[in-house]
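Chemist: Structure in structure tokens, see below.
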Amino acid sequence: MELQEVLHMNEGEGDTSYAKNASYNLALAKVKPFLEQCIRELLRANLPNINKCIKVADLGCASGPNTLLTVRDIVQSIDKVGQEEKNELERPTIQIFLNDLFQNDFNSVFKLLPSFYRKLEKENGRKIGSCLISAMPGSFYGRLFPEESMHFLHSCYSVHWLSQVPSGLVIELGIGANKGSIYSSKGCRPPVQKAYLDQFTKDFTTFLRIHSKELFSRGRMLLTCICKVDEFDEPNPLDLLDMAINDLIVEGLLEEEKLDSFNIPFFTPSAEEVKCIVEEEGSCEILYLETFKAHYDAAFSIDDDYPVTSHEQIKAEYVASLIRSVYEPILASHFGEAIMPDLFHRLAKHAAKVLHMGKGCYNNLIISLAKKPEKSDV
């Protein structure tokens with residue numbers, strides 16, 4: 001089965017769907033001030049036609065209500081900054097393209113649009129028709145828009161996904177090179193980590209080269225991804241998956257060869273690795289780059305009627321459900337659907353242990369980029 005056929009969130013609105021389990025979380029809330037600053041710089045740059053129609057794309061938008069929460073933040077930021085900077089001007093139309101792979105459940109977003117538009121009108125005073133949302137399916141490692149046609153490109157929790165499993169893992173190192181893990185975890189051998197870094201470098205370079213061409217000169221990108229900081233990082237969601245899969249092997253419910261032959265196309269770069277790639281590619285300048293921590297259960301709320309002793313387990317089950325909604329399609333394609341309930345039951349146990357220790361944070365990186373002006377524009 002082709003990777004792009006399974007590289008999507010759980011579809012629909014069922015108990016394990018991304019639409020039901022994903023919600024506005026602390027990580028998105030932390031991104032919003034950076035988003036507003038990025039929009040402020042964008043509006044001050046006086047790009048072509050920006051006072052009439054701002055063209056925006058959300059790359060790797062996923063599906064369900066969470067997608068429109070991100071769109072809401074973008075629209076609110078544009079309106080807020082626009083009022084602060086140019087309050088004498090009429091609000092520009094905002095055209096937003098939602099991008100993800102062809103298998104993404106775009107329909108779960110489209111059917112929410114009528115109520116979303118009404119809410120924008122009621123809460124933000126944006127007349128229906130002044131914000132236009134459409135889909136642009138396809139890999140963001142390929143061309144999506146005409147040259148110099150976009151003002152702002154946004155991507156949240158997407159660029160850590162690679163275009164493919166690093167070829168070096170199989171071609172150069174052999175099928176079982178990454179024993180005991182599904183990605184480039186801290187305990188992986190250096191050649192495995194290098195293979196993943198090489199693939200990320202190739203992919204992120206392609207991403208920057210292609211999409212910088214789609215931006216107007218001095219257009220902006222704002223990218224957020226999971227990252228690594230040092231060897232003392234707390235377990236991230238993929239580490240929890242590693243633990244749960246290894247539990248199934250120890251219990252005899254899964255063959256070790258199944259794990260050794262599977263690698264997920266996911267890489268957590270360091271801030272320095274991202275910085276070096278941007279500088280080497282050369283089409284954009286870094287305006288700011290920061291890291292921050294977000295908690296597994298940042299979006300979780302609980303009724304006070306629950307006994308305190310049950311909070312950790314309930315939170316852990318929430319964490320497991322959220323991780324399942326993101327990773328189940330690609331995991332089920334390799335390990336089989338039948339083992340999924342057992343896998344995520346064990347993941348919830350590991351999440352509970354991590355939460356009990358007062359841990360459960362993962363590192364995030366946010367970077368704001370501006371396309372360098374052409375020499376003729378300087």
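Yeah, the Cβs are placed from backbone N, Cα and C, and that goes for glycine too.
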Chemist: Can you find which of Asn178, Asn236, Asn246 Swiss-Prot lists as binding Mg(2+) at the same site as Asp260, Phe262, Asn263?
Modeler: Asn178
Chemist: Should any of the binding-site residues Cys61, Asn66, Ser139, Asp260, Phe262, Tyr362 have a Cα within 10 Å of the Cα of His154 (site 'Involved in substrate discrimination'), which are they?
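Modeler: Those close enough are Cys61.
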Chemist: Taking Cα atoms as reference points, which of the binding-site residues Asp100, Leu101, Phe262 is nearest to Tyr157 (theobromine binding site)?
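Modeler: Result: the closest of the binding-site residues to Tyr157 (theobromine binding site) is Asp100.
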Chemist: For the recorded theobromine site formed by Tyr157, His160, Trp161, Tyr362, name the remaining residues of the chain with Cβ within 8 Å of the site's Cβ center, in chain order.
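Modeler: These residues sit around the theobromine site: Ser158, Val159, Cys225, Ile226, Phe266, Thr268.
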Chemist: For the recorded positions His154, His160, work out the Cβ neighbour count at 10 Å and name the residue with the minimum.
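Modeler: Taking His154, His160 as the recorded positions, the minimal 10 Å Cβ count falls on His160.
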